[in-house]
Amino acid sequence: MFVPRSLKIKRSSNDDLKSGEAKKSKPEAGGLQVEGDRDTPVHTSVTEEAVTADKPGHASSTNSPSCQLAEVSSTGPDEGVKDSHPSEEPVKSFSKTQRWPEPGEPVCVVCGRYGEYICDKTDEDVCSLECKAKHLLQVKEGEGSLRPSSPQRVAAEPESPLDAFYVYKEHPFIVTLKEDQIETLKQQLGISVQGQDVARPIIDFEHCGFPETLNQNLKKSGYEVPTPIQMQMIPVGLLGRDILASADTGSGKTAAFLLPVIIRAFSEDKTPSALILTPTRELAIQIERQAKELMSGLPRMKTVLLVGGLPLPPQLYRLRQHVKVIIATPGRLLDIIKQSSVSLSGIKIVVVDEADTMLKMGFQQQVLDVLEHTPGDCQTILVSATIPDSIEQLTDQLLHNPVRIITGDKNLPCASVRQIILWVEDPAKKKKLFEILNDQKLFKPPVLVFVDCKLGADLLSEAVQKITGLNSTSIHSEKSQVERRDILKGLLEGDYEVVVSTGVLGRGLDLVNVKLVVNFDMPSSMDEYVHQVGRVGRLGQNGTAITFINNNSKRLFWDVAKRVKPTGSILPPQLLNSPYLHEQKRKEQQKDRQTQNSLVTGANLMDIIRKHEKSSSQK
């Protein structure tokens, strides 16, 4: 069958055969290459015996490739035939029992684990009996040639052309609408667009003319009517334009960029052809899950997830399987690029999701380094919940003749979220949280509680479980990737009534079943506040966000008042009467007046001339 990469064979538990005398020589055709111990001179040979791995004592068939075992023994110059050592480790039956490879070690051509054995039929590396059988079945059925087991650069490789090439054309109904009707529609939906020759918004997914398989996938995934950001962003993206998009959290931005990505990748005959960059593993995992749902049934459409915190070998193995869409965090993708394990020369569309988070987390240079390896003419889409000045600068740097699409207020929380601001001093926070969790009107599990430190998350989760009896857990960056994934799955499936989190769940994740968020600690910026509040109100659903505030957040008082009060929320008197708020307001108004005075307009032109003449006469 195969031999391990050592002198002694790992024998199956029912193998009672004995090895014969051997000489260390190159095997004949059909034999196996075996490496000897360089420190001890030995002579080896290879013989093959048919055994049954699953049924002891059962006669094996020479036609069954998974039942053949190559046997090797070591003898000195004067030694006779000896039995294998009774403690010899048996050949691994299942791939899950094999470890992951270390750098430079052989990799199983089937699953990407450590390639401990060499298949006697193909000379390829495999990790177990299970993968050997799968490997030979693939060869027999002619499903494609196997990839080399060693790390290898994945270049953009051509595939067979698609049977049908998709081209977006405006639906006849959209074409018949007058310009004033389109503008009225945009105003009613809160869509703001800047750019030249911008495509008209769609009103229904059917207006896109997608392949029927994709239309069915949209319905199965619960997409019935496009949201405002989807109405405008999808047709613009389908036409290949660069985009800067901003919308309320939970407004459907992910599907808005996934559909153009899928169509572009589906239409291209090179792999990989699309790249999506995200700041966190959790967000990347979620995006890949949504992408797979929408791609289901589309031929040759594969994704690969390249993120830190998960084993690298299976990611590299998946990358070699002619994937169309790469979903990655910048750091892991850069590592793979530096290993020359992937080429991005065939990329036609790039999406940078949660771009504001990328910049805040210090990933800007990593993003730029990744994009240097993509073609200069590829379509680029920047997506963000907020648009600070740094995003504007990045837009000027990366996008060519972009279309700017904004729905809602680009820096305000989602309108479907009821916001409650409570003045709570630090010693009273736990008591107030327990009151909320015991309030039948407010408590709607699962509840997401945000804190500002990892230790605080663990301690608060334990306190909630002890005092209220609710099933509670904590999640933060020190939890392993497996733990975080299981907690997130449990949150989505309703296994937890309360989840206490640091900012790890504050961005991008679709937690559609969360109806109540409590900001136990006020976020350090209003951008973070917008994102954490946005964990409720997903896709227009109503939700409640309660925030505890006190003088520890005094530098944000005026920002809170400006952004939250217009939504109709009642602010606590301690906040409204705070001297810090009034001082911040005064400084901002003074700065605005200075800016206005520095501008020359028809209204102030004469005043500026008089001031200039007066100052000149005094000199």
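We number each residue from 1, going along the chain as drawn.
Cβ atoms here come from the backbone N, Cα and C positions, even for glycine.
For the ranges 104-133, 254-283, 344-373, 494-523, the feature annotated in Swiss-Prot as zinc finger maps to 104-133. Residues 203-231 are the range that Swiss-Prot records as motif 'Q motif', among 145-173, 174-202, 203-231, 551-579. Residues of the zinc finger (104-133) grouped by DSSP class, helix first, strand second and coil last, total 5 helix, 7 strand, 18 coil. In the three-state DSSP assignment, the secondary structure recorded for S251 (ATP binding site) is coil. Counting residues of the compositional bias 'Basic and acidic residues' (583-594) by DSSP class, helix then strand then coil, yields 12 helix, 0 strand, 0 coil.
With DSSP classes pooled into helix, strand and coil, the tally for the motif 'DEAD box' (353-356) is 2 helix, 0 strand, 2 coil. Put plainly, the binding-site residues G250, G252 were compared by Cβ crowding within 10 Å, and the winner is G250.
Across the residues of the motif 'DEAD box' (353-356), the predicted structure has a mean pLDDT of 88. Ranked by Cβ neighbours within 10 A across all protein chains shown, the binding-site residues S251, T254 are led by S251.
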